[in-house]
Amino acid sequence: MPVITLPDGSQRHYDHAVSPMDVALDIGPGLAKACIAGRVNGELVDACDLIENDTQLSIITAKDEEGLEIIRHSCAHLLGHAIKQLWPHTKMAIGPVIDNGFYYDVDLDRTLTQEDVEALEKRMHELAEKNYDVIKKKVSWHEARETFANRGESYKVSILDENIAHDDKPGLYFHEEYVDMCRGPHVPNMRFCHHFKLMKTAGAYWRGDSNNKMLQRIYGTAWADKKALNAYLQRLEEAAKRDHRKIGKQLDLYHMQEEAPGMVFWHNDGWTIFRELEVFVRSKLKEYQYQEVKGPFMMDRVLWEKTGHWDNYKDAMFTTSSENREYCIKPMNCPGHVQIFNQGLKSYRDLPLRMAEFGSCHRNEPSGSLHGLMRVRGFTQDDAHIFCTEEQIRDEVNGCIRLVYDMYSTFGFEKIVVKLSTRPEKRIGSDEMWDRAEADLAVALEENNIPFEYQLGEGAFYGPKIEFTLYDCLDRAWQCGTVQLDFSLPSRLSASYVGEDNERKVPVMIHRAILGSMERFIGILTEEFAGFFPTWLAPVQVVIMNITDSQSDYVNELTQKLSNAGIRVKADLRNEKIGFKIREHTLRRVPYMLVCGDKEVESGKVAVRTRRGKELGSMDVNEVIEKLQQEIRSRSLKQLEE
């Protein structure tokens with residue numbers, strides 16, 4: 001009979017099989033009431049599942065991350081329960097958990113309106129408030145198939161036929177008259193599923209295949225309590241205000257149009273930000289001793305066949321033909337950099353060789369996945385490739401890590417999650433080589449005092465990698481930086497150097513990206529700063545305004561003076577009230593507004609105001625220039641007097 005060992009090391013002995021709920025009740029009624037599921041020897045199980053052998057057991061509650069995920073999964077079933085009551089002929093497809101919520105794909109003979117979604121959410125609340133028990137049954141494959149066939153659930157039958165072995169025992173979860181199929185676990189009672197909201201609907205092909213029927217996908221969010229739900233909805237509201245597409249239009253940064261899906265038309269102000277970002281990155285490339293190169297926009301398909309990209313990536317590549325040759329528009333820069341490395345004989349003395357490029361790349365992303373600057377088809381990568389010896393890996397990775405944190409800190413990103421992906425089952429190279437490579441990456445992170453977690457088996461077949469995910473002011477995750485070791489591509493493209501022993505050797509290649517793509521990073525920054533770009537990045541840094549026509553010459557004189565000092569400045573001499581001008585430029589998020597009236601002309605000064613409405617008073621023009629230059633030069637995130 002089972003001996004149950006709890007997380008604190010204490011043990012409980014039973015003379016019969018028990019469930020996690022039984023153990024929770026044995027510990028106390030409060031824990032039993034909070035029990036959602038159990039973790040048995042590291043595996044999540046339902047609260048009702050019986051434990052027959054000695055076991056390590058943790059009780060899962062709504063306070064646990066796993067508990068919240070279970071609540072969300074059960075809310076997907078609740079959605080299914082409600083939709084079948086409202087529209088009984090609906091066919092249910094899949095309803096998984098996603099970040100912050102869940103969705104369900106359904107086959108319904110009507111297009112859901114906003115009123116339908118509201119009615120569906122209302123019915124979900126009515127059902128959840130009944131606090132009914134969720135009943136789990138493990139059945140044979142044949143019984144499960146018969147159950148769903150009798151109910152006309154053709155998608156569930158398809159899942160059983162194509163994805164579940166005949167000797168398996170699927171789990172059926174009964175929500176009163178509604179039944180769903182899942183691996184589980186799920187909540188034991190619907191009292192855990194009171195705090196949710198349906199968010200939106202979208203189209204989704206069955207099994208993600210455009211040859212299949214288009215289903216309707218209903219998205220929802222769910223949380224453990226009302227406070228967490230409201231906080232999330234408030235974050236979404238704030239995110240909507242910060243949406244880079246909305247701000248991009250408001251600030252006239254860029255646009256996109258039907259004739260070039262996923263391609264950016266940069267306007268003057270947006271392109272100014274782009275170029276300033278390039279200047280910043282170039283300054284860091286120089287500091288960290290990189291070469292900057294430029295590869296061709298497209299190359300013969302033969303080269304992409306050699307690299308393996310054609311076999312694995314051709315659906316995402318744009319192609320064109322000329323003179324009976326097929327060319328691929330590059331989706332990435334690395335093969336071109338190997339071609340540059342291969343020009344001329346290289347010695348171990350030439351290594352490490354650090355090669356960077358602002359490469360214009362294109363990928364044929366599905367049209368439905370395109371999203372402003374965040375997901376595009378044409379983009380500029382800020383990546384680089386380092387060619388080095390195995391002995392140099394650790395030092396080079398160290399340099400990459402320092403560069404990543406150096407650049408991210410400039411923008412105020414402080415929360416960065418780091419993951420180290422290790423060898424997959426299918427890989428090239430010896431275990432000894434992988435041992436050393438993984439150790440080099442881990443030691444480099446440790447030497448920089450960077451906490452990280454392993455992603456076992458998640459590395460590429462050609463080498464391990466480090467991923468850097470930054471979190472913005474709304475605590476959203478953005479995976480931007482990577483440091484990837486590559487033991488394959490140099491060999492495929494015949495890259496070599498002469499070693500100390502005068503023998504030809506294949507260099508190790510380190511793929512290094514920090515911003516990811518310039519376009520996406522500008523989108524991230526736009527939302528992070530809500531359009532209030534730090535002065536050094538702002539398209540227009542200063543606007544100088546007159547109150548009446550009599551100050552026009554003075555404004556023009558000052559505008560020229562600031563421009564000569566390297567400050568991006570504009571004059572606003574329109575015949576409008578000064579309050580109107582200030583409001584307009586405040587909405588345009590211009591960092592500084594200098595107001596010139598008769599008093600300023602007489603004194604040779606300016607009245608300084610920030611976009612946040614702070615009056616800095618009357619200041620000498622040279623003092624303003626000096627302070628602005630310092631703020632811009634230091635790439636400060638703060639304005640004067642902040």
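The count begins at 1 with the first shown residue.
Glycine is no exception: its Cβ is also placed from the backbone N, Cα and C atoms.
Binding site for Zn(2+) per Swiss-Prot: His385, His511, plus Cys334 from the candidate set Cys328, Cys334, Cys473, Cys596.
In the domain 'TGS' (1-61), helix, strand and coil residues by DSSP number 14 helix, 22 strand, 25 coil.
When the neighbouring Cβ atoms lying within 10 Å are counted for each of the recorded positions (Lys286, His385, His511), the highest count belongs to His385. Sequence-distant contacts of Cys334 (Zn(2+) binding site), defined by Cβ-Cβ distance under 8 angstroms and a gap of at least six in the same chain, are Thr307, Asp383, His385, Asp486, Leu489, Met509, His511. Taking the centroid of the Cβ atoms of Cys334, His385, His511 as the Zn(2+) site, the other same-chain residues with Cβ within 8 Å of it are Met332, Asn333, His337, Asp383, Ala384, Gln484, Asp486, Leu489, Met509, Ile510, Arg512. DSSP gives Lys286 (N6-acetyllysine) a helix state.
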